[in-house]
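Here Swiss-Prot flags C76, C78, C91, C94 as Zn(2+) 1 binding site. What Swiss-Prot lists as Mg(2+) binding site is D467, D469, D471. Annotated Zn(2+) 2 binding site per Swiss-Prot: C810, C884, C891, C894, in sequence order.
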Amino acid sequence: MSLDELFTVRSTATANATQIRNLKAIQISIASPENIREWSYGEVKKPETINYRTFKPERDGLFCAKIFGPVKDYECNCGKYKRMKHRGIVCEKCGVEVIASKVRRERMGHIELAAPVAHIWFLKTLPSKIGTLLDMAMADLEKVLYFDSYIVLDPGSTNLTKMQVISEDQYLQVIEHINEESFVVGMGAEAIRGLLEELNLETLRNSLREESQSTKSQTKKKKLTKRLKVVEAFIESGNRPEWMIMEVIPVIPPELRPLVPLDGGRFATSDLNDLYRRVINRNNRLKRLMELGAPEIIIRNEKRMLQEAVDALFDNGRRGRAIAGTNGRPLKSLSDMIKGKQGRFRQNLLGKRVDYSGRSVIVVGPKLKLHQCGLPKKMALELFKPFIYSELEKRGHASTIKSAKKIVEREELVVWDILSDVVREYPILLNRAPTLHRLGIQAFEPLLVEGKAIQLHPLVCAAYNADFDGDQMAVHIPLSVEAQVECRVLMMSTNNILSPANGSPVIVPSQDIVLGLYYMTVERSFEKGEGMVFCAPWEVISAIDNNQVNIHAKIKVRMEDGNIYNTTAGRILVWEGLPKGLKFEYVNCVLTKKNIATLVGNAYRDAGIKATVILCDRLKDIGYEYATRAGITIGVKDLIIPATKKTIIDTATSEVDDIERQYRDGIITRTEKYNKVVDVWTKATQDISSEMTKEISTEVVKDPKTERTEVNQSFNPIFMMSNSGARGNQDQMRQLAGMRGLMAKPSGEIIETPITSNFREGLTVLQYFTSTHGARKGLADTALKTANSGYLTRRLVDVVQDVIVYKNDCGTVDGIEVKQVQDGGEIKQNLSERILGRVLLYPIYHPVTNEIIFPENTLIDEYVVKKLEEIGIASVTIRSALTCQSERGVCALCYGRDLARGHLVNIGETVGIIAAQSIGEPGTQLTMRTFHIGGTASREIERSNFEALHSGRIVLTRVKSVENRDGVHLVIGKSGQLSIVDEQGRERERYSLPNGARLYVKEGQEVTKGTFLAEWDPFNEPFVSEVNGFIKFTDLIDGKTYQEKLDEATHQSSMTIIEYRTTSFRPSISICDAEGQTKQRITSTTPAIYSLPAGAIIMVKDGQEVQAGDIIARKPRETSKTRDIVGGLPRVAELFEVRKPKDMAVVSEIAGIVTYAGESKGKRKLIVTPEIGDPKEYLIPKGKHINVSDGDFVEAGDLLTEGHPELHDILKTRGEKYLAAYLVDEIQEVYRFQGVGIDDKHIEVIVRQMLRKITVTNPGGTTFLVGEQVDKGDFKEENQKIVEEGLEPATAEPLVLGITQASLTTSSFISAASFQETTKVLTEASLKGKMDYLRGLKENVIVGRLIPAGTGYREYMELDIVVPEQKERPNKFLEELEERPVLIEIDS
């Protein structure tokens, strides 16, 4: 690995294959010149590589056999000594040691430089390490190192200072006036080396510490702290500063930079050879010039060229232009070898190509069992070759491997018999790229099939996200017994029924199967056999076989539990095919996709894994059979266009004409017009959609005997496909048979003119053109987003790769409180969904009897959830990864249930990686979502009222209101909230009331479901007068602060406030008494003055009398754009990366009363006044929408304007727990909007990693520095030590890091270097002499051993297995193996 040339990699065990397992840690540090000479087997003196006539390496050249070892095994260069018998002899003629040629991969050489050079990494990696240590600016340092300026080493009697950088001219001026002896200057790396050698680090450390404590300036403190960090790193690591300047350069082994002969007598060479040659040439020339005593200027130039050559070797292109090869391509330097996707880390250490693998196209295998896959015979023959050879020898068909090979090549009959024996019950792995989560690789038992395509079981397609339109999959063969056991026990498709992301079944029938099951379980009136009563299920089957009863007929059956059920014949057919032990209720319904998923989930919980697998296979078989028998197809006639479509469109068109007229007359603004038009069309589209659904979803059935009719659920094929969840949705049906509706522009704005036709009628050219606009954006997005999503996943994996379950219980006393998630009164996620699979922190008491129902540390399973719902618990405090006290990783109780297995998580589980995959995987799914709707604008009709969704009692919080002329209460301000609570006092729904809403209920009023609570104008924001009085205008100047518009039809004029340039005007309306004194508001102590923002329309005249509750002005609300995940994925990344949001909200840092204080510097000024303490003022930019009204009360952390708050602000004002909850909610919001379920705990694991560092505010007696970022665990440990010694402990404040930052500051430098910014990470690590204890997963993969998790968890690895002697007894296990599928359940 090419780190060696740059650093020593000192490992605490020799890197021998057996000892790699026992490796405890790896240390990296700067190589001293002595070290480099010690590694070297000789000095490379000549730039020659090989002799072009003899093809033998040149002596003392870059490929010299004397230094690096022989080219041929056990043969010296001149051919005097050959073969093993001379092993270890050094040939006296050519000086080559007789040894194996592989030493040419490990022996290093060196180059003795004629002049020292600076190591470019320590010079150019920002902040420059050499610069920081000498306290020099980067520019000055470069001038000195590249022989552009002098540096003063000893000022003597001059007025210059030591380490001052002077130009050639200044130097000559000084020399004229002064005797040269006492005055010393230097140039180049030599001078810098001298300065570094002189440094006394201990003294420097002490003086820096004192200075840092005494200084008041923050910038200076920062600078000193930075320098102090570097000084401390050198002292603690034992590295010397002068080692950053090199006298000797290591030469890496020749086999790692090979010279390969091509045909035609030319050679292909590694770029490193060119770079080394350049260094050697310049070095030799410099030596010669120095021996000849050449002029100073020539030597100086040569030294600069040597420095540049070494720079290019280490990091080409870091400084100046990159040195290019013969073809104009920049040469690949040592740094390029290790960094980036093609570098050593990511290309060869983290991702390797493996043998015993193959790939082919996949086709569906409808006859397979869930644990099987079809493997083409040709492929199997190639993959299992060694097994076949050995078996041929064993059975005596071949005596040598060579003859076995021939038999296999001839494909004799015996080969196929042996192949089928070898393959039987041998698990193989199937993988589909991109592998976005762990279900992208699963194990199956192969069945040999003819043809060349791999057959895949249809139910695992969802996990692989595979379809059969030409997808390919790769096959891998696990070789060792351990690998085979892991495949069977952990990776078998039958053991992966639940999704690790949310615990719901991932093996769920889809498409044809769903359609078949739906068709079987639908009922229809007046079918043959309706009303028959059967004594048992077998009787029904017999009746169906004898054609006495139709499968849709409504019948009654006595089931095994003795009850008589109303059901259909088809449902009994399904029931008969299922494994025993499941309740009949699970299938006694119309089996839509949702119901089937519930059935599979219930089966898993009730009957166990084996029964579920059998169930899934039976459902597949029944579903396919009946989908075929039903013969459901699509015809154009099935798309029924509603009769009322024309009327609805005509009504909408006339409404739009009205709105257009109002706009032309100036009654409404452009924004209002746009909003209203879009709203009209949205409503029309929804009306047509519901009309179409009504017509397509029901049909009238006639009894042939009695002529009686009944309305049934429709058997329209398109409706059945959509309703069952097999294919297609409401939106797509609407576009086919209703109207396509509004389309969106690429910017997300909605185009005002909708497409009124549907696909059955066909689109006009113009309509087609309108629809291409949004559709094209969908396609472009897909391409871009896939890459973005993959990058997000990579960052997530990197930040949590070392989060493993380390212990069972960390003993924490802290947790998080969880409630249901609501939005606009709707429950988006109820409490039971959020707490399922978590662990209780506190015991739960019965609200009435006060006895403990569930003790602390109870795992909340389905039973507990049901019980909690019954007794009506509204919020629960659970343990969480966020509050887990484990030093490394998390503990099992804080994590809770392993979602994919349904029991408490095992110790050693890689919960971090699972979390990253669960969040990253849907990202890619979501990216693909946009273009399926084909760019049609999905927009809700603007909401303009609240209706009660539950019965209960009204509770109003912070609601201020005034009564208007009609006796209706109008809400003032935006901080008011309305909730409905039930008898137990649990909150069932909660709404934020908008300013100016008409409130129809009172505090404490009992309401029933459906009661009208409040309504408002969705397009306008009203300004409501709070008192009776007379209007007085201030700063309303025509043409300057407002514009008058005349309405032609009504001859009424309206005044609209315009953007005014000067800040001296503050247009406002005040309400005065008869004497002209401004009156007080009712809701607060401030005067009744209303500032008018730009765009507000005034509804009153100056001097007019108004009453409380009158609307004196209104401001049209902003237009809404369509949301899709394209907004969503960047939003998720923005949150995880802790970036400043684009629409950043202003957050109040304190609690208090808000007052508007006019404007300053073109911004609006808000002042928040607390009860005690100083008020804080906030400047709000003009365009920003303010969320609070004058006189509102705000809490610390409340948003004063619209938009998203910055995460650092939340951390400062509300603390860590609130920030964590906010992050979880915001990220879930994005995924929930797309209908993707991810368990909270996955996001919590990632947020835990973002919050794992803290910033030191006061170091106390510790060695920390002010502003240093420290790991919480290390901080705690250090403080405990300090307290024991009786010194003052350090204090710190919480810190939130973005995932990239968190990955780069991880304790493992190997992991960080393989992530991003490789050179920077390695430079800083080597400077500190860092140790990597190999605790994470990536470090272990890189050093080539098993990951310390799962079966490779260290504590499991160290267990001794003792097998007690047993008496012979019949082996039940083997008998059971005969019944397939083989399933081994492992208990936690």
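A Cβ is built for glycine as well, from the same backbone N, Cα and C atoms used for every other residue.
Known features from Swiss-Prot, placed on the structure.
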| residue | record | Cβ contacts under 8 Å, 6 or more apart |
| --- | --- | --- |
| C76 | Zn(2+) 1 binding site | A65, P70, K82, C91, K93, C94, V96, E97, V98 |
| C78 | Zn(2+) 1 binding site | C91, K93, C94, V96 |
| D467 | Mg(2+) binding site | C461 |
| D469 | Mg(2+) binding site | none |
| D471 | Mg(2+) binding site | V361, I362, R432 |
| C810 | Zn(2+) 2 binding site | C884, Q885, S886, V890, C891, L893, C894 |
Of all the binding-site residues given, C91, C94, C884, C891, C894, which has the fewest Cβ neighbours within 10 Å once its own Cβ is left out?
C94
Whose Cβ lies within 8 Å of the mean position of the Cβ atoms of C76, C78, C91, C94, the Zn(2+) 1 site, other than those residues?
A65, N77, G79, K80, Y81, E92, K93, G95, V96
Cβ within 8 angstroms of the Cβ centroid of C810, C884, C891, C894: which residues besides those meet this for the Zn(2+) 2 site?
K807, D809, T812, R879, A881, T883, Q885, S886, V890, A892, L893, Y895
Beyond D467, D469, D471, what residues of that chain have CB atoms within 8 A of the centre of the Mg(2+) site's CB atoms?
I362, A466, F468, G470
